[in-house]
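Here is what TrEMBL records for this protein:
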COMPBIAS  44-55  compositional bias 'Basic residues'
COMPBIAS  57-69  compositional bias 'Low complexity'
DOMAIN    149-270  domain 'MI'
DOMAIN    312-434  domain 'MI'
REGION    40-104  region 'Disordered'
Amino acid sequence: VLPSDKHASTLFNVSHSLDEAALEAEVNGNWTPQEKALHEARLKAKAKRRVRKSSSRSESLSESLSGELADGDSYSSKGKVPVPNDRKSRTGKGRGLPKKGGAGGKGVWGAAGMVYEVEEPDVKDPNYDEVAQGDTVYATVVPEVDERELEKTVNPIVREYFEHGDTKEVQMLLKELNLGHHKYEFSSLAVSLSLEGKASHRELTSRLLRDLVGKVLSESDMARAFDKILKELPDLMLDTPEAPQMLGQFIARAIADHALPMAFLDRYKGKVDCDHARAALDRAAVLLSMKREMVRLDNVWGVGGGLRPVKHLVKEMNFLLKEYLVSGEVKEAERCLRDLEVPHFHHELVYEAVVMVLESKGDTAVKMCKLLQAFWKIGLITVDQMNRGFQRVYDELPEINLDVPHAHSIMESFTDLCYQESVITKQLRDSCPSRGRKRFVSEGDGGLIKN
């Protein structure tokens, strides 16, 4: 028997003797037999509870003490062993084992060897944090452009490109759009718009098609675009009668720029029923056979207005004026001047026209005045370009006078005629330089200066 068991039995014997003494004292009193029986039953029940409680406590203490004695640890005089982080029951109830096998309680990760599965975060959880869920990828979804809205979307991009000529900006805008399987139609729309425009617009379109291939469009997309244009060629001729020849030049330039596959023309041999499409393909084949040794057909559209050399522009304007003096057709002269696409250089035309008047005879002055009047009325030559052209002649008049002795008088009469026809302003006419009429001293004048 352990010392604690002896101590507990001693306490029980003392309490039991006290209860018997009190019982004898009470029995000697005036209690009835029923009260005495009830009182004895209560005492017996109380004694049983004490015995049961002391026995369970002694068992738990004996188990803990036996474990501690086996490990060589000390224990306190009260029977409680101070073991840190001990998860055994302190109430004395149960088997004395850890709760839930050591896997329960606050801050416990679980039993040894337990494997947890990856738990997906619940979006409805109040503690759900979207930022803390790892690498989150945000993507902007651009809806595909509808076929009915395609032309409205593409036309402003192409027309704006004709103004600035920056192919990289067009590439950036097309990458932002989701054209989907209608991507090839951008090329067909660009070519159709350029057919209605100027030669410089067609040159810009050829450069755009060359730069888009491999970055935004593929060669197959470009081939589909030209297939569509060949089918729509009869409709395009209603607005542009020269469409077959122009389309043939587009095809030849695209093949030379490696925007179209070399086999594009071969697959149409003997399979074309439309005469206009056949004419376009024949035109492309002729250009490619003529320029076989050249890498690109860079001059198929001619050089753009502002890119032409000044000497070439001067030569073209001289030829234009000489052709007008022979034919007298103002409309043809207007068309040739517009084709040059150099509105900032129209003062050269005015200058050359006035110089021709000074160097020629006959009705040249009347014809040139009629031509300048026509260009002035339709707004082809602005007031600034007109004034600048006449002013250049005024500045060079002393040098011109060396070759043309009567240049001052001819200039005065021509400026009066242009002022009467409302070609120039009164201020510009009055600024025309006049030659002094002072006579020098000669023999027979007596040494006097004649007035």
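Just so it is clear, glycine is given a Cβ too, placed from its N, Cα and C backbone atoms.
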Over the domain 'MI' (312-434), what does the predicted model average in pLDDT?
90
DSSP helix/strand/coil residue counts for the domain 'MI' (312-434):
98 helix, 0 strand, 25 coil
For the domain 'MI' (149-270), how many residues does DSSP put in helix, in strand and in coil?
91 helix, 2 strand, 29 coil
